[in-house]
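Trainee: These came from TrEMBL, pasted as-is:
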type: TRANSMEM; residues: 40-62; note: transmembrane segment
type: TRANSMEM; residues: 100-119; note: transmembrane segment
type: TRANSMEM; residues: 140-157; note: transmembrane segment
type: TRANSMEM; residues: 163-180; note: transmembrane segment
type: TRANSMEM; residues: 185-203; note: transmembrane segment
type: COILED; residues: 252-279; note: coiled coil
type: DOMAIN; residues: 493-698; note: domain 'FtsK'
type: BINDING; residues: Gly511, Ala512, Thr513, Gly514, Gln515, Gly516, Lys517, Ser518; note: ATP binding site
Amino acid sequence: MAVNKPRGNTQRQQEQKAAGSRLRLSIDWDGIFASPKSTLAWGIFFMVLGLVMEVSFVSYIFTGITDQSVIDGIREESIRDAGRQTRNVLGVLGATISHIFVYRWFGISAILLPVIAVLGGWKIAFGREPYSLSRKTKEVVFFLIWGSVLMGYVVLMSNQESSLSFISGGMGYAINVILFDWLKWGSIIPIIFALFLFAVYFYDFRDTIEQWQVKNAVPDPVTVEVNDDATVSTEPVAEEKEAVKPQEPKYVSVVNDTYDDLEEEKEEVVEEVEPVAEEIEETPVAVSAAEPVMLSVEPVVAVAQPAKVSVPGVLELEVEDTMVKEPEEFVVEEEDVNASILREFGQYDPTLDLPSYQFPDVSLMNEVFENAHEKVSHDELEGNKTRIVDTLGSYGINISKIKATIGPTVTLYEIIPEAGVRISKIKNLEGDIALSLAALGIRIIAPMPGRGTIGIEVPNKNRETVFIRSVLSNERFQKSTYDLPVILGKTISNEIHIADLAKMPHLLMAGATGQGKSVGLNVILASLIYKKHPAELKFVLVDPKKVELTLFNKLERHFLAKLPNSGEAIITDTKKVIFTLNSLCIEMDQRYDLLKEASVRNLKEYNAKFAQRRLNPERGHRFLPYIVLVIDELADLMMTAGKEVETPIARLAQLARAVGIHLVVATQRPSVKVITGLIKANFPARLSFRVTSSIDSRTILDAGGAEQLVGQGDMLLSINSEMIRLQCPFIDTREIEDVCDFIGAQRGYDGAYALPEYEGEEGGEGKSEVNVDDFDNLLPEAARLIVTHQQGSTSLIQRKMKLGYNRAGRIVDQLESIGVVGPFTGSKARDVMFMDLSGLEEHLRVMGIN
Ligand SMILES: Nc1ncnc2c1ncn2[C@@H]1O[C@H](COP(=O)(O)OP(=O)(O)OP(=O)(O)O)[C@@H](O)[C@H]1O
């Protein structure tokens, strides 16, 4: 058995030495290529390579004919001589690579090739794509070949092979020779047809055609009837109004730099629009009417505001509100824009928030020590078998077959009694069998569901420690595609039990003190951290015992969520727990609003739609990470706060699964006062370590058995009324520390993920007090920006001030606390409380903020 005892310093030093010597011997190539410095170096290398190629190719177009003979004769001459003779600006190297790419292969279209090297290098270096790399690659590859073939046609037709063959390259020329045999001069037809096919499939002209159709489908000129016979054509006005057709909203991921470009474009358009709108107001309509008349004007085109057409001295023409294009009418256009943004920029990738983030490696965990001796000896097995058969026999129960399965902690003996034996009789003998086996923790499962046998679990004399490293490196976990994969333990048949917390959807854990709850929680947290990127998952950690989860503090800027301005991210104070739970309820409600607005049913669909750029960040949409709330000791909270804690927990447990908020709640005392009916009803998945009485076992699992467990991570999982015995893996404090250090040392977000502010009934601590010193120093600038744009949105601050989402969100919360913007209103931008900058400046002065 692997003894689970703390390792001494000497042992650790020896391990470190051993690790050190291994390091010296083997070079970690993966690490070298994956480190941020190397990616930057490689990226720049490829960009420079691209530039070198480009310069050589362009130079070769002018100097190639002279250089060809030098390159051909390079074997006879020394490189130095060849270098002197070549005329390429990049010498013999430039001439050689150009000779291969231009002369031998692609002709002058080779000048497109370096584009891929530069774009690829940019992506490697900066983790971003200024243009979609895969799209540009396809485009370049097509034009490289197509251009070469087209030039080949020109060369062949002009009969100038000797002087012009470099423009087509060897490939284009050879293809044309084949085509010429078949089609003579008509070989241009398949060449042009290839371009046509590519253009149709690649550029998808449908949008342009539709737009063209819309443009040409201008309704009949508006006619204004005056006094029966006077007809005034307003065609010019209609044309001008056409010019003020509002632009489709354009948006892309805030991560993309190009967002600003689009914004600027949009602003330019708006600027263009305004003067035209004014012109419309002033456009005189020449109407000569003796007396005021009623005029009717059909809606013609969309204008941003109701336009007033004034006819000086005679009448005023009110163009009705119907001319304002309703938001629903934008939907179709918006979808077209979404599609083109998606084509241009590809899917939104939240992990690009932290592009250089590296997942922790299993090597951070302790080595797995194999058991020195057999887990369960043959003698032990045989002895137990005989004793079971004898004990049952002495009560008149004969057995036809017995089979043993050795698990990490217990061995399962499955027996098939002879016909006519009542199951309840065997179940009642539990105590007697335990006595005869002289073992604690015997559990009888009668009958074994779906097996047609009766199971007797007998603890092994030498139990096996399940090391966290062995389960994290297990292929099933590595390849798991669950949304929130959590390792719970090893089953009796030595398989790893992985559950999807997203489906569970919440987990209730109980166990008497010292039976392995905290280790179990740490294993769950570690498995999530090993599989999820910080952009996809946030933890809210509640630790009333103050010592169990403190190590995770280092993950604040990566994985933790907290109330704004609330100091430590790990919540230990009961009052703060109440505020955080209520804040999570607000987050849940806000997420539901966003889901409703997006017409989707759950977080997965929502995020998929957002990734496809079908949800507009300008309307408050954002990528929603999963949130896992972990409470290490519920009993303590229930004793001190009762209903105040129970109600939000029950609410979250009831409703939060669809919006990606999941709960893992542990308690030492599984009494009905702690695990109330309300809480229990909403936690279908329950896990119990050893408890002190069968009453406690029934409270948590609705069945006895947890009091028979043998401790040290031995546990029972009840899920959908199925019960599984598992051995929880072991993770020690140092391992958690190493993982947290590894992640904590990497670049993270500006701060923890900000939960919405919660104002307690007495306006208590959840709401940050208006303390000017705590405010972000960019707050006045942000306030001015919001008032200038009259738009209370976080994304505006993010974009214009180039801030991360969390910091921008915090600033908006602070602006709300000083009354510059109104409260959060779901998916719409917040109200701006000041109409102009002078009012705002006065307010900031009074508040003492400059
Ligand atoms: N899965 C496991 N494998 C081996 N040993 C374990 C395992 N889980 C716990 N232990 C042993 O039990 C000890 C106590 O575990 P843990 O601190 O998780 O208990 P707990 O239930 O959280 O207790 P408390 O409620 O008092 O905090 C650990 O220090 C470890 O030695």
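Each residue's number is its place along the chain shown, starting with 1.
In case you wondered, yes, glycine gets a Cβ from its N, Cα and C as well.
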Trainee: Within the set Ala512, Gly514, Gly516, which binding-site residues show a CB-to-ligand 1 distance under 6 A?
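Mentor: Passing the 6 Å Cβ check against ligand 1: Gly514, Gly516.
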Trainee: Please report, as numbers and ranges, the same-chain residues at least 6 past the borders of the transmembrane segment (185-203) whose CB is under 8 Å from any CB of it.
Mentor: 138-139, 142, 146, 149-150, 153, 157, 176, 179
Trainee: Quick test of the contact rule: Cβ under 8 Å, at least six residues beyond the ends. What residues does that give for the transmembrane segment (40-62)?
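Mentor: The answer is 33, 87-90, 93-95, 97-99, 101-103, 108, 110-111, 113-118, 120-126, 166.
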Trainee: In sequence order, which residues at least six apart in the same chain have a CB under 8 Å from the CB of Gly514 (ATP binding site)?
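Mentor: In sequence order, Gly711 meet the Cβ cut-off.
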Trainee: Over the span of the domain 'FtsK' (493-698), how high is the average pLDDT in this prediction?
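Mentor: The predicted confidence over the domain 'FtsK' (493-698), as a mean pLDDT, is 90.
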Trainee: State which of the following binding-site residues has the fewest other Cβ atoms within 10 Å around its Cβ: Gly511, Gly516.
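Mentor: Relative to the other binding-site residues in Gly511, Gly516, Gly516 has the fewest Cβ atoms within 10 Å.
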Trainee: What is the set of residues, excluding Gly511, Ala512, Thr513, Gly514, Gln515, Gly516, Lys517, Ser518, whose C-beta falls within 8 angstroms of the centroid of the C-beta atoms at the ATP site?
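Mentor: Counting only non-site residues, the set is Gln668, Phe689, Arg690, Gly711.
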Trainee: Here are the binding-site residues: Thr513, Gln515. Which has the lowest count of other Cβ atoms within 10 Å?
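Mentor: Sparsest of the binding-site residues Thr513, Gln515 by Cβ contacts within 10 Å: Thr513.
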Trainee: Give me the non-local Cβ neighbours of Lys517 (ATP binding site): same chain, 6+ apart in sequence, Cβ-Cβ under 8 Å, ordered along the sequence.
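Mentor: In sequence order, the residues whose Cβ lies under 8 Å from that of Lys517 (ATP binding site) (at least 6 apart) are Met509, Ala510, Gly511, Asp632, Ala666, Gln668, Phe689.
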Trainee: State the count of C-beta atoms found within 10 angstroms of the C-beta of Ser518 (ATP binding site), not counting that atom itself.
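Mentor: Other Cβ atoms found within 10 Å: 21.
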Trainee: Around Ala512 (ATP binding site), how many other C-beta atoms are within 10 angstroms of its C-beta?
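Mentor: So the Cβ neighbour count for Ala512 (ATP binding site) comes to 21.
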Trainee: Which three-state DSSP class does Lys517 (ATP binding site) fall into?
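Mentor: It is helical.
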Trainee: Using DSSP reduced to three states, classify Ala512 (ATP binding site) as helix, strand or coil.
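Mentor: Once the DSSP labels are grouped into three classes, Ala512 (ATP binding site) ends up as coil.
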